[in-house]
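Notes for the one structure printed next.
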Amino acid sequence: MFSPSLSPYKADFLKAAIGGGVLKFGSFELKSKRISPYFFNAGDFYRADLLQAISVAYAKAVIEAREQTGLEFDIVFGPAYKGIPLATATTDKLAQLDPKTYGQICYSFDRKEAKDHGEGGNIVGAPLKGKKVLIVDDVITAGTAKREAIAKIRKEGGIVVGIVVALDRMEKLPSSDGDDSKPMPSAIGEIRKEYNLPIFAILTLDDIIDGMKDFASPDDVRRTEEYRQKFKAMD
Ligand SMILES: O=P(O)(O)OC[C@H]1O[C@H](OP(=O)(O)OP(=O)(O)O)[C@H](O)[C@@H]1O
Ligand SMILES: O=C(O)c1cc(=O)[nH]c(=O)[nH]1
């Protein structure tokens, strides 16, 4: 059963992720090199109805963040690659849901490799200089991709004001010596502290484990629970 504490838009989003095959079970190597028994592939939200489902969920998370914390921004930034359609779809949906507040916001994203001809550079979309930037991305695991995005935005003169992700995998930071058995603080908590930034997650691993008991095999549930235990943060 989905956790009763999951708000309706979050439950709808989790249903879409399951129905669209975005949430997968098996063995996956992550950016952090950890081997995970589950994977959230936001690249699989490619059908129009799924794109609708994600843009509604991100837009509602942003609107909720504004109501709860006063979050304000000029630009939605999507880190390459999977962040790109998420940021553009979220920008569009925000303007549709609340044109008065979001009708003039812009989107922007980076290239993984700088372009050396034409307009050049490695940012596409709205120029970041002096602007308040909200990062919209898929997943946070060890936090590396978010740190890279913050560095890129700052290099361009942008002011990062917050991060919204679909899924907080609730994992610990990697330790500097690569020993993943050591107790470590959470990736999301350290970014919040280090950069003094609010980070909002639509779903957490706990939400997924609560929900998957209804549709995944007992083996997948057990492996995912063991993974949670192995990589859980000390805070
Ligand atoms: O928290 P982390 O340990 O950094 O891992 C999570 C990030 O890793 C993947 O990005 P990747 O850089 O592989 O880019 P992609 O969007 O091209 O898949 C994924 O899309 C997340 O953004
Ligand atoms: O950590 C990652 O690389 C990662 C995890 C996940 O669930 N989904 C994804 O796209 N990347």
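Backbone N, Cα and C atoms are what each Cβ position is placed from, and that goes for glycine too.
Curation plays no part in TrEMBL annotations; they are all automatic predictions.
Confidence in the domain 'Phosphoribosyltransferase' (56-180), given as mean pLDDT, stands at 95. Per TrEMBL, domain 'Phosphoribosyltransferase' is recorded for 56-180.
Using DSSP to sort the residues of the domain 'Phosphoribosyltransferase' (56-180) gives these counts of helix, strand and coil: 45 helix, 40 strand, 40 coil.
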